[in-house]
Amino acid sequence: MTAIRALLLCSCLGLLLPPRPGGGQPFLRLRPSPSDNLPVKDIVEHPDPEYDPKEQDLDERTLRKKLGSHFDPGFMAVAVPGPANASGAEAAAGRGRAALPAELRRLELGPPQGPRLKVGKKARRKVLQWLWAYTYCPVLYTWKDLGVRFWPRYIKEGNCFAEKSCSLPEGMFCKPVKSVTKTFLRWHCQGWSSQKYCTWIPVQYPLISECKCSC
């Protein structure tokens, strides 16, 4: 099968800058850039609750209006959501049950420099299904709590199944090849002490959307 190269969107995580007079809140800057480091690492927040939004800042109707069409209930939630996807064991059991990709259906059985291997349709289908059972790389989704300084605070994040090798012989593993970005609101404060001003700003969060068997 032809190897597919994809450019991944990831976030450049800004460092938590120390407070300074006239400066702003130590905050996370999320800016998509080419990378292969998905999913996004856990966010390290400033521990001072002074930088948290207050109850009046968390009005759902107001925040939904501010986020607008970017609100995607399939990948974000305001309240604690239920399970997002199958477990690793269930995903492993499901490998091979997914539809065969076109590139695998076109695969010619036989040595690279030799004659085509002649097999019956039933035998060929079983061989291809057996191969697909090892090379299939599902995206496993789990809900992640981003904390009170993000809205919505829960995001459905994808990971590649990596509990075992996806190739025969072993050596290749499921890795991300495509990603999408979702827009969230980030609570950001500027200024210092009594002069501090806080508001919600839009930020983009990259998510794995496709995985493939790769070296």
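Positions of Cβ are set from backbone N, Cα and C atoms, glycine also.
Residues or ranges marked as disulfide bond by TrEMBL: Cys137-Cys174, Cys160-Cys211, Cys166-Cys213, Cys189-Cys198. Here TrEMBL flags 1-24 as signal peptide.
Cβ contacts within 10 Å of Cys160 (disulfide bond), excluding its own Cβ and spanning all protein chains shown: 22. Counting other Cβ atoms within 10 Å of each Cβ, the lowest count among the disulfide-bonded residues Cys137, Cys166, Cys174, Cys198 belongs to Cys198. Put simply, Cys211 is the one of the disulfide-bonded residues Cys137, Cys166, Cys211 whose Cα lies nearest to the Cα of Cys189 (disulfide bond). Only Cys137, Cys174, of the disulfide-bonded residues Cys137, Cys166, Cys174, Cys198, have a C-alpha within 10 angstroms of the C-alpha of Cys160 (disulfide bond). Checking the disulfide-bonded residues (Cys137, Cys174, Cys198) against Cys213 (disulfide bond) with a 10 Å Cα-Cα cut-off leaves Cys137, Cys174. The Cβ of Cys211 (disulfide bond) has 23 other Cβ atoms within 10 Å, all protein chains considered. Reported as a whole number, the C-alpha separation between Cys166 (disulfide bond) and Cys174 (disulfide bond) equals 6 Å. The Cβ of Cys189 (disulfide bond) has 19 other Cβ atoms within 10 Å, all protein chains considered. For the pair Cys137 (disulfide bond) and Cys198 (disulfide bond), the Cα-Cα distance reads 42 Å. Its own atom aside, the Cβ of Cys213 (disulfide bond) has 19 Cβ atoms within 10 angstroms in the protein chains shown. When the alpha carbons of Cys198 (disulfide bond) and Cys211 (disulfide bond) are compared, the span between them is 38 angstrom.
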